[in-house]
Amino acid sequence: MAQTKKKDFYSIHLVIGIGIMLLFRYLPFQLPCITPIGMEILGIFIGTLYLWTTSDPIISSILSIFLVGLSGYSTMNEVLTATFGNPILVQVLFLLTAINCLIENNLTEYCGRFFLTRKICLGRPWVLAFFIMLGSMLMGAFMGGFTPIFLFCPILYDIFETVGLKKHDKFPTIMLILVTVATLLGFPIPPFMGNGLALISNYASVTGNMGTVIEINNAGYLLTGLIHATVCIVVLVLFCKFVLRPDTSKLKELKMETLNKNPLPPMSLRQKFIAISFTVFILILLIPSVLPTHPVGRFVKANTYGIAAFYVFLLCAIRISKKPLMDFSSTMKRFSWSTYFLIASAILLGNALTNESTGVSAFLNTVLMPVLQNVPASAFAVIIMILTVILTNVCNSFVIGLLMQPVIATFCMATGMNSAPVVSMMILFVLSSAAITPAASPFAALLFGNKDWLKSGEIYKYTTIFVVIELAIVLLISMPVANLLIH
């Protein structure tokens, strides 16, 4: 009975989404400056946003690409070439493959165990909480979003049961929520992979279509993200310890044997080689931001989108004990096609929406500038961050990131304000604060799905508190840091 109901809702959502895509252009009103092509693209965009939130992101993304190809915006061949021939999407393909290689070789488990078994954690529950959050943040950033949640939560369940903490007790509730919050803090940090890359690249396209390409400095963005996440973790741990004050007395007797239960064997040569090579690969991607005028920096920048492909080639070509470091066919079995197609369609729709032929940029300028023209630059950044945190928790965070970018670009270009720090902080914040409702992000949905250990009311309460704290940190610390590091 339940399965039939779910299938019916899926079909209804699909029909509604397709209806919006096909029929929006025929609405009996005209938006200022929007052309007939713009109405077509706007309908496809709104329908895609609806299906991303309510349906399968793969099929909705594929459909949106197909419908843009049928629209008056461009020909099918040009749309397919612009989408799947986009070098950013090529980089995403090979980066996701490389990350899967880390997971397949259990490097995530070694990373998680490292943070969990620091001797300084013994007898210090909040130090343990800090290291678990730090590990979740870094793994969420560089080893895949869901990895730390699936790694740390089962370990925490075992620790809680060993020391006598029960399900729905205050400390287990707070700690499990903090793992997800820390993972979200790490998720948008890398500027060269995932949703962070998609939004950064989309902003370059948005501003390019408006006349001036704004490129965000990768090293500055990465450093800002790391500082923001680390400050948030420290403040959240201190807030939980001194304000929320859950009972942690049972954890003070925790033994290293419990933390290191089921110890891992020493890392093999293969695992060490992959770990070191991945670190070198990440550092190479940052060279253009650190040495922009050096010949090496210029060379890496000119070939950035192909470096990931060469790295995957090396992983497949280099053999240890007669086996390649990465078995490509085996690794691709866990490939995140939903992420791939979501980014593909997002880049295409972002380019189409801000193209001069649609009139969307002119529409935003006409509507927003009378409202925002007297707003000071500092107040504008505050307004953007408050709008971001509200909207991202009632809709998909990636979608809100896409919608906020033309608003930021329009205001900043009209006023002469440097938009790079604002949009960078918006990207970091829109993706990291999506925790309060199940619709905000897949991470939040996973949190609300943990009915065995967590109550929905407690999730709403604590995530709201934690996100408000993050907003305060954004406005007081992270935004000034972004202004300093990102130009």
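Every residue, even glycine, has its Cβ placed from backbone N, Cα and C.
Curation does not apply to TrEMBL; its annotations are automatic.
The shown structure was predicted, so the numbers you read here are calculated from the model rather than taken from an experiment.
Under the heading domain 'Citrate transporter-like', TrEMBL lists 51-426. Within the model, the domain 'Citrate transporter-like' (51-426) shows a mean pLDDT value of 87, rounded to a whole number.
Counting same-chain residues at least six beyond the ends of the transmembrane segment (9-28), those with a Cβ under 8 angstroms from any Cβ of the stretch are 36, 39-40, 42-44, 46-48, 50-51, 54-55, 60, 63-64, 67. What TrEMBL lists as transmembrane segment is 9-28 (among others).
According to TrEMBL, the feature transmembrane segment maps to 34-52 (among others).
Annotation comment: TrEMBL describes 59-76 (among others) as transmembrane segment.
Annotation comment: TrEMBL describes 127-151 (among others) as transmembrane segment.
If you look up TrEMBL, you'll see 171-189 (among others) marked as transmembrane segment. Packing against the transmembrane segment (171-189) from elsewhere in the chain are residues 125, 129, 132-134, 136-142, 145-146, 148-149, 152-153, 156, 160, 165, 195-196, 199, 222, 225-226, 228-229, 232-233, 236-237, 240, 244, 246-248, 251, 427-428, 430-435, 441, 443-444, 446-447, 450, 453-455, 458-459, 462-463, 466, 470: each is 6 or more residues past its ends and has a CB under 8 Å from a CB in it.
The transmembrane segment annotation in TrEMBL covers 273-291 (among others). Within its own chain, the transmembrane segment (273-291) has Cβ neighbours under 8 Å at 98, 101-102, 105, 107, 142, 190, 192, 217-220, 222, 267, 297-298, 300-301, 304, 307-308, 311, 314-315, 318, 320, 325-326, counting only residues six or more beyond its boundaries.
The annotation transmembrane segment is assigned in TrEMBL to 303-322 (among others).
What TrEMBL lists as transmembrane segment is 334-353 (among others). A Cβ distance under 8 Å defines the sequence-distant neighbours of the transmembrane segment (334-353), meaning residues of its chain 6+ beyond its ends; these are 41-42, 44-45, 48, 52, 56-58, 60-62, 64-65, 68, 73-74, 79, 82-84, 86, 88-89, 92-93, 96-97, 100, 103-104, 194-195, 197-198, 201-202, 205-206, 209, 360, 398, 402, 405-406.
According to TrEMBL, the transmembrane segment annotation covers 373-391 (among others). Within the chain carrying the transmembrane segment (373-391), a Cβ under 8 angstroms from the stretch's Cβ atoms is held by residues 400, 403-404, 407-408, 411, 414-415, 417, 422, 425-426, 429-430, 433, 467, 471, 474-475, 479, all 6 or more beyond its ends.
The transmembrane segment annotation in TrEMBL covers 398-417 (among others).
What TrEMBL lists as transmembrane segment is 423-448 (among others). Sequence-distant contacts of the transmembrane segment (423-448) (same chain, six or more residues past either end, CB-CB distance under 8 Å): 53, 145-146, 149, 176-177, 180-181, 183-185, 187-189, 195-196, 199-200, 203, 214, 216, 220-221, 224-225, 228-229, 381, 384-385, 388-389, 392-398, 400-401, 404-405, 408-409, 454, 456, 459-460, 463-464, 466-467, 470-471, 474, 478-479, 482, 486.
Residues of the same chain lying 6 or more positions beyond the ends of the transmembrane segment (460-486) and with a Cβ under 8 Å from any Cβ of it are 173-174, 177-178, 181, 185, 216-217, 220-221, 223-224, 227-228, 231-232, 235-236, 239, 381-382, 385-386, 389, 393, 420-422, 424-425, 428-429, 432-433, 435-437, 444, 447. Sequence annotations record features per position, and here TrEMBL assigns transmembrane segment to 460-486 (among others).
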Subject >> Contacting positions for the transmembrane segment (303-322) when only residues 6+ beyond its ends and CB under 8 Å are counted >> reply: 87-88, 90-91, 93-95, 97-98, 101, 192, 269-270, 273-274, 277, 281, 284-285, 288, 328
Subject >> Positions on the same chain near the transmembrane segment (127-151), where near means CB under 8 A and six or more residues out >> reply: 99-100, 102-103, 107-109, 111-112, 114-116, 118, 120-121, 175, 178-187, 189-190, 194, 225, 229-230, 233-234, 236-237, 240, 251, 254, 282, 442-443, 446
